[in-house]
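Here's what TrEMBL has on this protein:
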type     : residues                                             : note
BINDING  : CYS13, CYS96, CYS194                                 : [4Fe-4S] cluster binding site
BINDING  : HIS41, HIS74, HIS124, THR166, SER222, ASN224, SER266 : (2E)-4-hydroxy-3-methylbut-2-enyl diphosphate binding site
BINDING  : HIS41, HIS74, HIS124, SER222, ASN224, SER266         : isopentenyl diphosphate binding site
BINDING  : HIS41, HIS74, HIS124, SER222, ASN224, SER266         : dimethylallyl diphosphate binding site
ACT_SITE : GLU126                                               : active site, proton donor
Amino acid sequence: MAEIKVAQSAGFCFGVKIAVDSAIGAGKKYGKAYTNGPIIHNKQVVQFLEKLNVKELQSYSQLQEGDTVLIRSHGVPPKTERMLQEKGVNIIDATCPFVKKVHEKVRQLVEEGYYVIIIGEEGHPEVIGILGHLEESGGKGIVVENMEDLIKKFPKRNKVGIVAQTTQNEEFFEEAVGYIASNVEELKVFNTICDATSVRQEEVKRLAKEVDLMIIIGGKHSGNTRRLAQISKAINPETYHVEKAEELEKKWFEGKERIGVSAGASTPDWIIKEVVQKIKEFTKDS
Ligand code: F3S
């Protein structure tokens, strides 16, 4: 059988654990609850929660007074929270503490007079929340997704502050900081990439070098899982991104002796176990 190395950091981060546990708790306590979007980018978990009557909200207009809404780990803009309060709904705030930290840092930068550059994915719910806090505090700023974007949008400002979406790629963040540093007079940087993300990315980099093939598990829409797969593929071209065990193909493992496995922050342990089990089956004769 091939040697299978599973990254210690694979799977739910603590922010996702809080959100999923809160959603399960809300379903049990209130018999019905909504989440403001899929609680995590993982279909299997979303389906499990639906059985507890915890469902994704289609539109805020469907809410009635007294309904329960869980704010996901991504957080929301302050005006969304106010709107929910005005509707008289019961709010469970499962915003990850690391995301709240980004909100605080944005406010601090605005108070200190900085123009804010957010290193993140335009349109991502977390980034929408961060932009909401920027707007609320009266600040100005932009979101940049890659170096090309940064160069194209580069603001004519001398005093610039930087924060990152919590799941950003560390290498891009460092490259962007280097570029900005050489083009402004005054710079303040808060590396708000969360520990769970940086530890996971570092471990994938190490593992991808040691093995013949890498399997990255997680939702195809999960940004942090996609970034893990990109990081791994850049080091080890034999990298496959799968959502579940059924997607694995036996031929990938032919002649492979060492297999590395990691998973995004929204991948439950039971899916990781199923994938590992399937790899064992495929490689039992090798
Ligand atoms: Fe929070 Fe980081 Fe997870 S920001 S939700 S601990 S990936």
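Cβ atoms are placed via backbone N, Cα and C, with glycine included.
Annotated features taken from TrEMBL, shown on the structure.
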residue: CYS13; record: [4Fe-4S] cluster binding site; DSSP class: coil
residue: HIS41; record: (2E)-4-hydroxy-3-methylbut-2-enyl diphosphate binding site; DSSP class: coil
residue: HIS74; record: (2E)-4-hydroxy-3-methylbut-2-enyl diphosphate binding site; DSSP class: coil
residue: CYS96; record: [4Fe-4S] cluster binding site; DSSP class: coil
residue: HIS124; record: (2E)-4-hydroxy-3-methylbut-2-enyl diphosphate binding site; DSSP class: coil
residue: THR166; record: (2E)-4-hydroxy-3-methylbut-2-enyl diphosphate binding site; DSSP class: coil
residue: SER222; record: (2E)-4-hydroxy-3-methylbut-2-enyl diphosphate binding site; DSSP class: coil
residue: SER266; record: (2E)-4-hydroxy-3-methylbut-2-enyl diphosphate binding site; DSSP class: coil
Note to self: So if I take the recorded positions (CYS13, HIS74, HIS124, GLU126, SER266) and measure from each Cβ to the nearest atom of ligand 1, which come out below 6 Å?
What the structure shows: CYS13
Check: What same-chain residues, at least 6 away in sequence, bring their CB to under 8 Å of the CB of HIS124 ((2E)-4-hydroxy-3-methylbut-2-enyl diphosphate binding site)?
Finding: HIS74, GLN165, GLY223
Check: Least buried of the binding-site residues THR166, SER222, ASN224, going by other Cβ atoms within 10 Å?
Finding: SER222
Item checked: CB within-chain contacts under 8 A for CYS13 ([4Fe-4S] cluster binding site), separation at least 6 -> CYS194, ALA196, THR197, ARG200, ALA265
Margin query: Given a separation of at least six residues and a C-beta threshold under 8 Å, show me what packs close to the residue listed as 'active site, proton donor' in the same chain.
Written below: HIS74, GLY75, VAL99, VAL102, GLY120, GLN165, THR166, THR167
Next item on the list: Please find, for HIS41, HIS74, HIS124, SER222, ASN224, SER266 as listed binding isopentenyl diphosphate, the greatest distance between any two Cα atoms, in Å.
Entry: 15
Checklist line | Inter-residue C-alpha distance, SER266 ((2E)-4-hydroxy-3-methylbut-2-enyl diphosphate binding site) and CYS96 ([4Fe-4S] cluster binding site) (nearest angstrom) | finding: 13
Notebook entry, point to check: What is the Cβ neighbour count of CYS96 ([4Fe-4S] cluster binding site) at a 10 Å cut-off, with all protein chains included?
Noted result: 24
Next item on the list: Compute the mean position of the Cβ atoms of HIS41, HIS74, HIS124, SER222, ASN224, SER266, which form the recorded dimethylallyl diphosphate site, and then list in sequence order the other residues of that chain whose Cβ is within 8 Å of it.
Entry: ILE40, THR167, GLY219, HIS221, GLY223, THR225, GLY264, ALA265
Notebook entry, point to check: How big is the Cα-to-Cα gap, in Å, between ASN224 ((2E)-4-hydroxy-3-methylbut-2-enyl diphosphate binding site) and CYS96 ([4Fe-4S] cluster binding site)?
Noted result: 15
